[in-house]
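Below is one structure, written out as structure tokens, with a few remarks after it.
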Amino acid sequence: MDMGSKEVLMESPPDYSTGPRSQFRIPCCPVHLKRLLIVVVVVVLVVVVIVGALLMGLHMSQKHTEMVLEMSIGGAPETQKRLALSEHTDTIATFSIGSTGIVLYDYQRLLTAYKPAPGTYCYIMKMAPESIPSLEALARKFKNFQAKSSTPTSKLGQEEGHSAGSDSDSSGRDLAFLGLAVSTLCGELPLYYI
């Protein structure tokens, strides 16, 4: 055996590792431009994340609002379909029932008014403070009442002795007990008490 060959085997193996680690290099760019580029990229990413979060929040709040409105109008059977009487006795709430009409709750006077979409008449109904009807129940009641339009109805302000053809609005009656909201909704339309 040749001694020279043993020396070759005793040498350390060649180093195949990479050279010293250097910074991220962009050719032809000075250091201050690299830093500026990194700052701009970080700011853009932060803005994209914030805008995305805001848009998701807006979408979720819109879906939540639509779900609550859908449940209150024609929603799930497990939800409570009654409106609670507000702490404020002078609160008025107005709802549009699709294209069929407008419902107005007057919690101070405990009245519910309904004006159909064509706007030829206005229905008024008294509500009990412990049992305020839901929009769905009111819509059903008013639709049933409209379907039975051949039945005689009592105009508000008419007495039993007056004929059905007399104009009740020109009789000089005071409708202040209805309140400003109901008077504004119904205007000069004939009022029917249900």
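Keep in mind that glycine also has a Cβ here, set from the backbone N, Cα and C atoms.
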Cys186: disulphide-bonded cysteine as recorded in Swiss-Prot, out of Cys29, Cys122: Cys122
Fewest-neighbour residue among recorded positions, criterion Cβ within 10 Å, set Cys28, Cys29, Cys122, Cys186: Cys28
Distance from Cys186 (disulfide bond) back to Cys28 (S-palmitoyl cysteine), taken between C-alpha atoms, in Å: 77
For Cys122 (disulfide bond): DSSP state (helix, strand, coil): strand
Alpha-carbon distance [Cys29 (S-palmitoyl cysteine); Cys186 (disulfide bond)] in Å: 74
